[in-house]
């Protein structure tokens, strides 16, 4: 993947526009989870250190496009950055006609979704973004799968368009896991529905030595083996697809599970064989035997790609399967890459972030990359690198 990298450029005295992913949860004007901003700090600091005139922007939430709304302002992000960088950070609301920035100064440009035409990748808007800078830095992997004015169009018209350190690291880590992985390569795909992850499962079945399925997805495979799954979440219409995958790939289907008669945090967890599930029961987690079998597989892996929990880990009684799998990944010597919102929540819950080789900041972009789809923002950077 040939793109210009920010780290290869001389930024001194240049106007730099960084498109970051600062779409963080905010409550009462305060940032409640700072993971995405923390991930962007090294990029900001590197540009400031070189004496660049630094502008950074992002979307936040889903405001009505073209209208300012205090609820979706980047002001809480500015407050956070001021505290972390121990220096003043300016928030610019009106910036499309130009912004004055001093060398070594950081200015945050207000939520891009307040600008009409952002989501449609409007050319006039993209040109206005491009005219603000000498160098455009795309560093938001989480939005690289969307062709929008601040992620795609601007890169077409900016004097120079490059990949920031975070985006470069994401692409390298995913490339390492997918293009020529150290083997055995094990992929874990959890989540509620096969339908939303069918392309991912299909792609990974051709790359992985073993494909682990969890959550509602695993229930469809349990049903495909002819077992009663009771009131479990599963997709009857996708049983033929599941059967095909069972033939083409090594998928360790659960042999024991934790079930309940209701979907609730206080429901009693009943451990049983997949042969014995009753009509009024639903599978909410893996059983001990199945979880341990997965842990043994992960112990011998050399590459692990993890997307999605293997049970309803939000309920303490049905957390064990995901915890056993998560700790096995943490203890493994494999190169491990994890992505997706629920996966990151599980990593936080079990406190294993420092034991995962690479944690991806992208949800949809992570899945689309794994599916083998081209990410529009990355394609544009590749095109600009050829010019």
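We count from 1, first residue shown onward.
Any Cβ shown, glycine's included, is placed from N, Cα and C.
Marked as substrate binding site by Swiss-Prot: 21, 22, 23, 36, 59, 60, 61, 62, 113, 146. Annotation comment: Swiss-Prot describes 197, 314, 340, 341, 342, 343 as ATP binding site, evidence class sequence analysis.
The 10 Å shell around the Cβ of residue 340 (ATP binding site) contains 23 further Cβ atoms across the protein chains shown. Across the annotated binding residues for substrate (21, 22, 23, 36, 59, 60, 61, 62, 113, 146), the two most widely spaced Cα atoms sit 18 Å apart. Take the binding-site residues 23, 343: by the count of other Cβ atoms within 10 Å of each Cβ, the lowest one is 23. Taking Cβ-Cβ distances under 8 Å and a sequence separation of 6 or more, the neighbours of residue 21 (substrate binding site) in its chain are 36, 39, 40, 58, 139, 140, 141, 142, 143, 361. Around residue 314 (ATP binding site), a 10 Å sphere centred on its CB holds 14 further CB atoms from the protein chains shown. When Cα-Cα distances from residue 314 (ATP binding site) are compared across the binding-site residues 59, 61, 113, the shortest belongs to 61.
Summary for the binding-site residues 61, 341: the Cβ-based neighbour count within 10 Å is maximal at 61.
Rounded to a whole number, the distance between the Cα atoms of residue 59 (substrate binding site) and residue 343 (ATP binding site) is 23 Å. Taking the Cα atom of each, residue 340 (ATP binding site) and residue 113 (substrate binding site) are about 23 angstrom apart.
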